[in-house]
Amino acid sequence: MRVFFIGFMGCGKTTWSRKLANHLGYAFMDLDHILEAKVGMTIAEYFEQYGQDAFRQLESQVLKETEYPENVIVSTGGGLPCFFDNLEWMNANGQTLYIKLTPQTLAERLDKGKTTRPLIAGKHGEELVTFIAGKLAEREGFYNQATHIVNGIDMSVETLADTISARAFQ
Ligand SMILES: Nc1ncnc2c1ncn2[C@@H]1O[C@H](COP(=O)(O)OP(=O)(O)O)[C@@H](O)[C@H]1O
Ligand SMILES: O=C(O)C1=C[C@@H](OP(=O)(O)O)[C@@H](O)[C@H](O)C1
Ligand SMILES: [Mg+2]
């Protein structure tokens, strides 16, 4: 089974795809990490040097050219489903699972985070909440096309496992 986790920055894609993969004994892959290894720099550095358009081309290429094991939980970058035909590609080549959270909760988590995400660099407090609310409104039409939508509050590996297996046997 191949499942792609999608959703806004900070919703928990990397954390929960890794936990679910461990729980199920599946492989875990994070496309942001694969991209960083491929170019030998962080995403923040890549954005700075080549800009967002080049990043979007590359992340789409990484999505489609990566070789996935049979059973794998894949974490994607927050913007990935919103560019090109990436979302259709994921839905045609596996299941997608959207972790849904409010701008307020996302902002609280991102404000605490130590990693640098170029799109929100330097934004904090109310400015961060407002930015997230606007960007999420742009992106939700894509996220809502996921095979599964789960509430990011009170998530557990058990409920995630039940959610994806319900579809697998149809
Ligand atoms: N259920 C949760 N409750 C509280 N904090 C969480 C939860 N899931 C993830 N986090 C925290 O939120 C931040 C973003 O998580 P991450 O997995 O990197 O998100 P994403 O890959 O979607 O950007 C991290 O600091 C992580 O520890
Ligand atoms: O939302 C976005 O456009 C991005 C999200 C990031 O991934 P996370 O969602 O794992 O933070 C990363 O791909 C890049 O910084 C751009
Ligand atoms: Mg991530």
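Think of each number as a place in line: the chain as shown, counted from 1.
Each residue, glycine too, has its Cβ placed from N, Cα and C.
Annotated ATP binding in TrEMBL involves G10, C11, G12, K13, T14, T15 plus, out of the candidates R117, R139, the residue R117. Cβ neighbour count within 10 Å across all protein chains ranks G10 highest among the binding-site residues G10, G12, G78. The shortest Cα-Cα distance from R56 (substrate binding site) to any of the binding-site residues (G10, T15, R117) is found for R117. Compute the center of the Cβ atoms of G10, C11, G12, K13, T14, T15, R117, which mark the site for ATP; besides them, the chain residues with Cβ within 8 Å of that center are G7, M9, W16, S75, G78, I99, R109.
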